[in-house]
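Quick notes on the structure that follows.
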Amino acid sequence: MAEPWQNSANGNQHRGFSMSSDDDMIDITTTGTVTERSIHYDDPGTSHFAADGDEIPGIGQYEDFHTIDWQRDIARDRMRHRYIVKRRQNSLFDLVKGAHDAWSGWVCVLLVGLTTGVVAGVIDIGASWMSDLKYGICPSRFWFNREQCCWSSNETTSFETGNCSDWLTWSEVLGQSRTGAGAYIISYLMYIAWALLFASLAASLVRMFAPYACGSGIPEIKTILSGFIIRGYLGKWTLIIKSVGIMLSVSAGLSLGKEGPMVHIACCIGNILSYLFPKYGRNEAKKREILSAAAAAGVSVAFGAPIGGVLFSLEEVSYYFPLKTLWRSFFCALVAAFVLHSINPFGNEHSVLFFVEYNNPWIFFELVPFVGLGIIGGVIAAIFIRANLYWCKYRKTSKLGQYPVTEVLIVTAVTAVLAYPNPYTRMSTSELIYLLFRKCGVTNTDDLCDYNRNFTDVKSAVDLASAGPKVYRAMWLLVLALIFKLLATVFTFGIKVPCGLFIPSLCLGAIVGRIVGIGMEQLAFNYPHIWVFSGECSTMKDCITPGLYAMVGAAAVLGGVTRMTVSLVVVMFELTGGVRYIVPLMAAAMASKWVGDALGSHGVYDAHINLNGYPFLDSKEEFAHTSLAADVMQPKRNETLSVLTQDSMTVEDVETLMKETEHNGFPVVVSRESQYLVGFVLRRDLNLALAQARRAVEGLRPSSLVLFTSNSPQQPPQPGTPAPLLLKNILDMAPITITDQTPMETVVDMFRKLGLRQTLVTHNGRLLGVITKKDVLRYVKQLDNEDPNSVLFN
């Protein structure tokens, strides 16, 4: 059997590098072991080599919906890097090229951060302006949203009305008064009309130009970062349509958010800009380092949380996250947050989305309701995930999936009709979350702040007080809003428009938390001398903060839906500025995760990965089944294995084998009798090499021998016999191999930690079979009593 590393007097031949030579294909006598001195690059950034000739275009790349080989790509990059370092001493130009190669990663993430910040600012400004179009317009400056229009008039507005003299509602534009039954009907109809217009535009753009622009994108981003290829999912059309579509779908008033899609948008930017640097654009494994940094920048600009973005990329989406990627992700998130803060899309001094102004200490007993909110959040999340999965499965298997635009319009119409009568569902979801997080003060006039207080000094502390009738009315409206938002999000998440899940999840939790917080506040007011309140609340000062409960509840539901913990807590305190409330957030997030895991094994993103059949092997799960590699390998014992021989097959034999099989690669053995392993060749590389040979080699016939060895045939060719075709240049001579007695726990760990595409199974050096990533996933599902055929891709 050929050794993985074959030494020669001039150098070494390493595994996994594609070398091609037209001379090899004509005259085998000129072929020996390819040495480092005979290797040259057409371009230092190219990902494969040519030996004494031109490289075969496309060698080393991957087909759509296939899994990459991390080890091969990383090894190719190491060889490329060694070559560049070796050439630095030759000339000043080579030194500059070496320096450019060293800093290209930092330059790439810098450009990704700058672009992501600008795109996020445009999306925020556009979504805010278009959302307010449903209510009215600013005639003096039509490009102003409602808040900016009222700033110019120096008038204060409330959350419920949000109107000032400079802002005209549609009833006023049409010549009616601002209030009254006629004005209400006109505003109601205009609200529905604008919502349908925005939603139809979003769905139509997605359907016509970029089908991949729908949904959240995070399940697919997780799968892509694990090493899966989805061509076009991170392309320029997806970027453009997703950016425009998320503004339209958020403005339509649907129960969705733009924060999740911002991760997809940032990864599109990272993918496009990586092609400016061949080191990343032509190497799929290296490209994923840029995509991990881009994901961090996406969360950074979505929430104004750069540290949380880095942790989100590490904990939730990234599969391969070395220390170098951590630093670059940190830098990328920093640049993106700085650019967004410079643009200042929210028009205030805070870069965080829901800044809280309270800083009261929480009392120890409050950990009990905080943990209770975590439990409630886990239950709500489990209900949502199961209901949403059921509906998405129904959509895929029924005629409903054939009419995506119609479904979007129906969901939008129902949402708009039911949302408008309730002021808490009529307003944008981000505005509602801010209202629920906010502390009641002197200037607040909304129903949630209708307490029986008499303010004598604006600067004095706010006392505990009994809730007025409007507070109880607001609580009933919030209960109705909770039910409506939960049902609307179940039917909305998954429709064919860009839609995120962060903001709806935060909203559900914030509603529950605010209701619980008001209940605790009234309990402390009515019973200030029970032992749990006797210390802090006996003076009747503001010892209970309902807004804090809303913040903890929001973290609980979001944690239950996504199963995030560390990154969630950091995102939440960056989101609100409430650093001193880390412990309550941690308690709620942990309780929510435990309850969510008990009621369902997967978060919403992993559940949708399984639903779509993507080949995602979760590195966080444990494989506890006792089995051997022989139980999983293909083909099974006593079945025929499709192989290539190193020196006894003709071009016609190879083409016949590829026509009769659909395998992504073929093991190469010494002969069919011995079955000793020589190496492994990919189907794509074999197709490209044969196509190149047909174009470039004169006299190539179907009877020409195909050689995967550098040794000449033992028998000299007869006169008139066609010259053999040498394809050792595309042969991986050191494929990962295991024995048939290797425990599957070890095999699964190898696939997870090495990022394998396949491994070959041997017994006493003889080849028995192949285990692919798809085989492992199917076997795991079968042992978990799930449908193994749900894994659709390779």
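Cβ atoms here come from the backbone N, Cα and C positions, even for glycine.
Nobody curates TrEMBL annotations by hand; they come from automatic prediction.
These come from TrEMBL:
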- 1-15: compositional bias 'Polar residues' (COMPBIAS)
- 1-23: region 'Disordered' (REGION)
- 103-125: transmembrane segment (TRANSMEM)
- 188-210: transmembrane segment (TRANSMEM)
- 230-250: transmembrane segment (TRANSMEM)
- 262-278: transmembrane segment (TRANSMEM)
- 290-314: transmembrane segment (TRANSMEM)
- 363-389: transmembrane segment (TRANSMEM)
- 401-420: transmembrane segment (TRANSMEM)
- 474-494: transmembrane segment (TRANSMEM)
- 501-520: transmembrane segment (TRANSMEM)
- 548-573: transmembrane segment (TRANSMEM)
- 633-697: domain 'CBS' (DOMAIN)
- 731-788: domain 'CBS' (DOMAIN)
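Each residue of the domain 'CBS' (731-788) gets a DSSP state, and the totals for helix, strand and coil are 23 helix, 18 strand, 17 coil. Here the transmembrane segment (103-125) sits apart from the transmembrane segment (363-389); fewer than 3 CB pairs are under 8 Å, leaving out pairs fewer than 6 apart in sequence.
Looking at 230-250, 262-278, 363-389, 474-494, the range that has the most CB pairs within less than 8 A of the transmembrane segment (548-573) turns out to be 363-389. For the domain 'CBS' (633-697), residue counts in helix, strand and coil come to 24 helix, 17 strand, 24 coil, using DSSP. Of the candidate ranges 230-250, 262-278, 290-314, 401-420, 401-420 has the most C-beta pairs within less than 8 angstroms of the transmembrane segment (188-210). Of the two recorded stretches, the transmembrane segment (290-314) lies close to the transmembrane segment (262-278), with three or more CB pairs under 8 Å once pairs fewer than 6 apart in sequence are set aside.
If you look at the transmembrane segment (401-420), the same-chain residues 6 or more away from its ends with a CB under 8 A from one of its CBs are 188, 191-192, 195-196, 199-200, 202-204, 207, 214, 252-255, 395, 426, 484, 488, 491-492, 495-497. Summed and averaged per residue, pLDDT over the domain 'CBS' (633-697) gives 87. The list of residues near the transmembrane segment (474-494) in space but at least 6 beyond its ends in sequence, with Cβ under 8 angstroms from a Cβ of it, reads 215-216, 254-256, 380, 383-384, 387-388, 391-392, 395, 411, 415, 418-419, 422-425, 429, 432, 446-448, 450, 501, 504-505, 507-508, 511-512, 514-515, 518, 604, 608.
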